[in-house]
């Protein structure tokens with residue numbers, strides 16, 4: 001039995017016209033302006049923070065490194081909560097605002113701790129772990145941890161929402177009402193959307209790279225040569241500006257209504273499939289339950305069609321007795337629509353590929369070690385000017401920006417001639433290339449550290465950790481550059497993959513998955529550092545110690561290189577078995593009526609709740 005739909009042409013036409021006046025490229029200055037200021041603030045804070053921890057708070061190297069990786073892991077874990085709030089009830093716009101406020105509070109807390117001498121230990125010229133240095137007190141550490149906690153909470157609201165809020169301004173095509181007709185999407189239109197999306201992601205990462213470049217040159221120099229008050233104050237001011245800029249664009253934004261908690265829907269499908277684990281899936285998949293009205297808020301661009309993978313989850317869409325309560329309400333913990341089942345399938349399918357990105361975050365979490373290496377090397381550019389150790393990251397950022405620019409201008413046109421693809425290569429291939437280049441980057445870091453240690457030994461500096469090794473800091477440039485090129489391939493491709501393969505109602509969740517891999521990678525780095533330190537110390541050859549001239553950071557880098565090789569092999573296996581399947585409903589309204597299995601129609605035909613089994 002077909003359901004009847006009605007449209008109110010004039011009202012819907014006016015509403016659609018108003019929606020079309022919003023969004024588009026005119027919103028980009030506000031959205032990207034907000035994120036540029038945010039990135040400037042976060043990079044200016046984080047790039048040199050290990051120096052603040054070791055010099056100002058007198059933390060030993062390994063303890064400071066673990067604190068930073070734990071903070072990075074937590075900051076990458078909170079986006080799951082932010083995505084849940086955005087997709088469930090708050091929407092992306094208000095989640096960004098709340099996240100920005102918390103981030104601002106965290107920056108102000110760090111600024112106060114840098115300005116007030118009572119919130120820092122007394123100055124000390126001895127090594128941080130030396131007996132003559134006073135460690136930070138409980139109160140001082142409490143202020144630090146609360147500030148970092150506020151920053152982590154703020155990051156949870158920003159990271160999963162900003163980039164996806166930008167895509168909302170282009171990608172959303174509003175329908176004519178709650179009971180909208182399904183629109184036919186031509187191959188040409190789909191290709192245009194994909195191209196626009198790819199260019200947007202490149203633009204987003206390029207803008208973030210420019211912000212990092214500014215922070216690594218301006219803020220780090222101020223922190224090393226002017227003071228930590230201004231060093232933290234400038235990022236705090238930038239964060240405040242980002243909030244103001246974002247609010248100015250409020251009237252122009254497309255603000256999509258949240259479609260309910262995606263995690264709840266996924267749990268409901270899993271629970272329903274488990275409860276019906278003994279049910280037999282019908283050969284005619286048209287008998288599986290569908291409900292356009294129920295799915296309208298989570299399928300504005302079309303409902304997902306049934307696929308033949310992970311068919312054990314199809315049991316959640318089998319109609320059985322008891323699926324409707326005595327009051328006539330559908331029990332979503334017992335029965336799900338095909339669209340909701342396919343949402344869970346999409347997420348499950350992408351998890352193996354997604355997990356290969358965890359090791360990238362593990363590699364990035366070792367940045368503090370590189371800064372400590374740079375501090376022991378000759379950093380003179382001229383006789384009277386030294387480049388700050390943390391500013392060395394600028395070479396990675398520059399390589400990242402140049403690679404992004406050349407990727408669109410040179411690499412894609414050349415690859416297009418070979419592959420015939422509009423994008424040149426797929427994001428799967430782009431991610432694989434990035435993983436391979438990352439291996440070269442870590443191996444290069446190991447070789448350079450071996451060279452630095454030999455220079456320290458040759459000049460009798462093994463027991464002088466604060467002495468300057470007569471080796472130019474620019475020996476570190478190749479590893480930064482290689483990792484920057486790798487990031488231009490892997491990071492952009494990973495986010496594009498998650499966005500493309502995730503259901504439309506879970507795009508904030510997809511961005512959260514991107515940061516979740518970073519979170520797990522940071523925590524994995526903490527575990528790796530702890531295990532390596534304890535194991536090597538037990539054997540009398542501590543690889544990771546405050547005196548890095550006596551340590552063996554090069555061996556640690558070789559260990560990470562081997563893990564990266566294994567990770568690349570794992571990715572290739574996952575790619576070999578991955579199947580891209582996310583078909584959308586493309587039938588017209590008449591065909592939809594014939595195809596749908598509506599529970600109310602079954603009841604009206606007198607078959608009852610179990611009639612479809």
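Using N, Cα and C of the backbone, Cβ positions are placed for all residues, glycine too.
Where the annotation comes from TrEMBL, it is an automatic prediction and has not been curated.
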According to TrEMBL, which stretch among 361-382, 427-448 corresponds to the feature transmembrane segment? 427-448
Expected hit for transmembrane segment in TrEMBL across 92-116, 117-141 is 92-116
Per TrEMBL record, range annotated transmembrane segment [choices 66-86, 150-170, 171-191]: 66-86
Counting only pairs at least 6 apart in sequence, do the transmembrane segment (203-222) and the transmembrane segment (228-253) share 3+ Cβ pairs under 8 Å? yes
With pairs closer than 6 in sequence left out, are the transmembrane segment (228-253) and the transmembrane segment (556-578) joined by 3 or more CB pairs under 8 Å? no
In the same chain, which residue numbers or ranges, 6 or more beyond the ends of the transmembrane segment (427-448), come under 8 angstroms Cβ to Cβ? 353, 356-357, 360, 363, 370, 475-476, 478-479, 482-483, 485-494, 496-497, 500, 554-555, 557-558, 560-561, 564-565, 567-568, 571-572, 575, 578
Residues of the same chain, at least six outside the transmembrane segment (468-492), with any C-beta under 8 angstroms of its C-beta? 201-202, 205, 357, 360, 363, 370, 373-374, 376-379, 387, 389, 392-393, 395-400, 403-404, 407, 430-431, 433-435, 437-438, 440-442, 444-445, 448, 451-452, 455-456, 459, 461, 549
